[in-house]
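Participant: One structure, as structure tokens, below. Some questions next.
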Amino acid sequence: MSRIIVKGLPVYLTDDNLREHFTKRLRQKHSHQAVNGSGPDLITDVKILRDRNGESRRFGFIGYRNEEDAFDAVEYFNGSFINTSKIEVSMAKSFADPRVPQPMKEKRREALKRFREKEEKLLQEENRKKKKVDENKHSNIDDEIRKNKQLQEFMETMKPSSQVTSWEKVGIDKSIEDEKLKREEEDSSVQGNSLLAHALALKEENNKDEAPNLVIENESDDEYSALNRNRDEDQEDAGEEEKMISISNLKDTDIGLVNDDANSDEKENEKRRNLAQDEKVSDLDWFKQRRVRIKESEAETREKSSSYATEQNESLDTKKEEQPERAVPQKTDEELAIEKINQTGRLFLRNILYTSKEEDFRKLFSPFGELEEVHVALDTRTGQSKGFAYVLFKDSKNAVNAYVELDKQIFQGRLLHILPGEEKKSHRLDEFDLKNMPLKKQKELKRKAAASRQTFSWNSLYMNQDAVLGSVAAKLGLEKSQLIDAENSSSAVKQALAEAHVIGDVRKYFESKGVDLTKFSQLKSTNQRDDKVILVKNFPFGTTREELGEMFLPYGKLERLLMPPAGTIAIVQFRDTTSARAAFTKLSYKRFKDGIIYLERGPKDCFTKPAEADDLINNTSAKEEENPVEVKPSSNDLMEANKDVTEGSSNAHDEDVIDGPTVSIFIKNLNFSTTNQNLTDRFKVFTGFVVAQVKTKPDPKHQGKTLSMGFGFVEFRTKEQANAVIAAMDGTVIDGHKIQLKLSHRQASQSGNTKTKSNKKSGKIIVKNLPFEATRKDVFELFNSFGQLKSVRVPKKFDKSARGFAFVEFLLPKEAENAMDQLHGVHLLGRRLVMQYAEEDAVDAEEEIARMTKKVRKQVATNEMAALRNGGGRKKLDVDDEENEGF
């Protein structure tokens, strides 16, 4: 937490006045820093809260870059006065803190949300009840439709042809025809029955007086009959009475009348059938003959059923359309944000400090998971931050966790606002597009795409062999054909010596420009590389500094461009990382002249001093060219020149050697944020300073990182110098902590400085990665130019072929060290030589026997362990202390 809240401010106080008041303490605390205004830079945000009218609410917030300054401000200013107002200072809380009271606006918003949810539930319950009533109503209507056969027939007929198959249509037509025939028969029978009932009624009226004792079978015993009966019911009763009357009681005339009516109906049907078969009859006449009168009650029933069927279909369609909308629940903004982050794995950061670096956000977000990219948006014209950044995780789940934990949290004194970021645009070709290209083009594009993730950790100062020979030939005034003789067996050695000479010149030039070459050998991971520094390699000899500048300038402003006079390698530093990344991506493996450019990111903090005026590419200084030598020397002059360089470097080296043990000073109560560089800057001004080191330990939470242990050591040449430093620096303040100094009992330097241990090194070195084609003569000629050799041995196999390494022993250890320094990074027959110090030969026979015994025990133990692993079973193996040392 690096943000504080200040209460009880005067009404008239402004933001600038509040900043100035709290800056005084920072200037007093960081008084040892020489840069004026470093205190104000540590305050990142000042804000006094005001109401709608612009009146001060008498409290405000102040943000600090680090937590130590924020806690110090709370302790120093709490209970103090600004003019006549007593202020109260405490640590501010973030929005995610549960102790923060909920504002009234948020309470009203939540109450409204609960009211809407309750209203929605009531509406859903009402719709459910209404739907249930409609379903019951529809089920009753369906039952009525199933009972009415004529309505079913009508609905089947009115179905569209797309819903009825051909065989179903034939069956329906046949059933319709059968139904029509059946209906005609029923109509004819009903008509005959009505005539019969009419005749019987006449007969009954005529025979009331004549036959009073007429017996009617199965007569009803009801004493009363309904008065208001319908006409249809009378016909039904008449039909029932017709069945009850005995046929034997009818007269012959009546029976004949009935038979005549039946015959007439049959004739009418026969006439209709003949009319249908007559070809001369028109379709209209036939249709008129087939018409059947429908009662008004039946017509109304059919209309209602058809209208209901149409409404039912429309309601079903409407339900299908409305159902998906009701099924999808409304998601909150938080859920939508998490869903988008799960898809992209990218976060958008707002309200960040304008001076924040990418390393700050890497430290903040790396605990949540592995980061793929951190990008701070910069203005290409000014190089300043725009106030927002992007963080891309390899796993989207880690991005969600970071969003939940860090959103609206305090970072560098500001409230960090995190939003889901859009997916990063990629212009990469897919596999389908690559397949349509030539194979050579495919390999080129794939290599270019992998350039940003590829690192060259094997040789940072790699140089093109052709450019090396061209540089040496131009320096000696020779042609490359004259420098290297194809028929000479020592051509490979001459080429290696030429490369060593060029590498020596390049190192001298870079060291004069403030480049720390030791950083290049310490590169072990991508985290130790600086995106703004690019090493340019493999360009042909003759390339000028202006040509390289024209290549890199379109991508952004250059801070410096260093190119040695040899013209075989260059270092480019951009002002911002965005421009450097764009240049690295676009120019990797680009064809330039008759070669392909290799790019590599340089190490962090490789420059020990700021850029000079002549390092800027904007200064179009004249090209520095050396005059060629009029007399062409022989190729042996190269060895002589190399010897001169070796002697000069050895003399300079002798001046840096420290004779005798150094004296260490133990420093206690260091700030955990104090680094080796900070400690070095404070003590390097004293005479006799050697090295300063802060003791660290591995960070258990973050793999590959270290934590300060709160103490350190500073080494000086003599004890008198160390005592003088203790008297001057004991009790002073470094990074806000009062340090304590005293002499340490550790006398020998353990800083890893190779120069202080040069006397303990042997004159025997082992040369690894030696080409199998190299002979003992090649190794002898290569190392003979750096000193007097005592022995050269190239071990071989049983078939007389080389084993890939050699032993070279110099007469003096100093000569061996010079040879290792000069041949560092040199190639022999295309292989980079790797050199290390070898163990010296045993002084007496007993020591040699002990070494051989230890070696044999190690081999035996290794073989037994291998047999145990491959045997599949567990065996008991006794290993004593001496054997354990060999593992």
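Glycine is treated like the rest: Cβ placed from N, Cα and C.
Not my notes, these are from Swiss-Prot:
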COMPBIAS  264-276  compositional bias 'Basic and acidic residues'
COMPBIAS  316-325  compositional bias 'Basic and acidic residues'
DOMAIN    2-94  domain 'RRM 1'
DOMAIN    345-423  domain 'RRM 2'
DOMAIN    532-604  domain 'RRM 3'
DOMAIN    663-746  domain 'RRM 4'
DOMAIN    763-840  domain 'RRM 5'
MOD_RES   SER220  phosphoserine
MOD_RES   SER264  phosphoserine
REGION    121-143  region 'Disordered'
REGION    203-276  region 'Disordered'
REGION    297-336  region 'Disordered'
REGION    864-887  region 'Disordered'
Participant: State, in range form, which of 2-94, 345-423, 532-604 has the highest count of Cβ pairs under 8 Å to the domain 'RRM 4' (663-746).
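Facilitator: Per the Cβ count, the answer is 2-94.
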Participant: Of the listed stretches 345-423, 532-604, 763-840, which one has the most C-beta pairs under 8 A with the domain 'RRM 1' (2-94)?
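Facilitator: That would be 345-423.
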Participant: By DSSP, what is the split of the domain 'RRM 1' (2-94) into helix, strand and coil residues?
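Facilitator: Going through the domain 'RRM 1' (2-94) residue by residue, I get 31 helix, 30 strand, 32 coil.
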Participant: Determine how many residues of the domain 'RRM 2' (345-423) DSSP places in helix, in strand and in coil.
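Facilitator: So the domain 'RRM 2' (345-423) is made up of 22 helix, 32 strand, 25 coil.
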Participant: Using DSSP, break the region 'Disordered' (121-143) down into helix, strand and coil residues and give each count.
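Facilitator: Helix/strand/coil tally for the region 'Disordered' (121-143): 23 helix, 0 strand, 0 coil.
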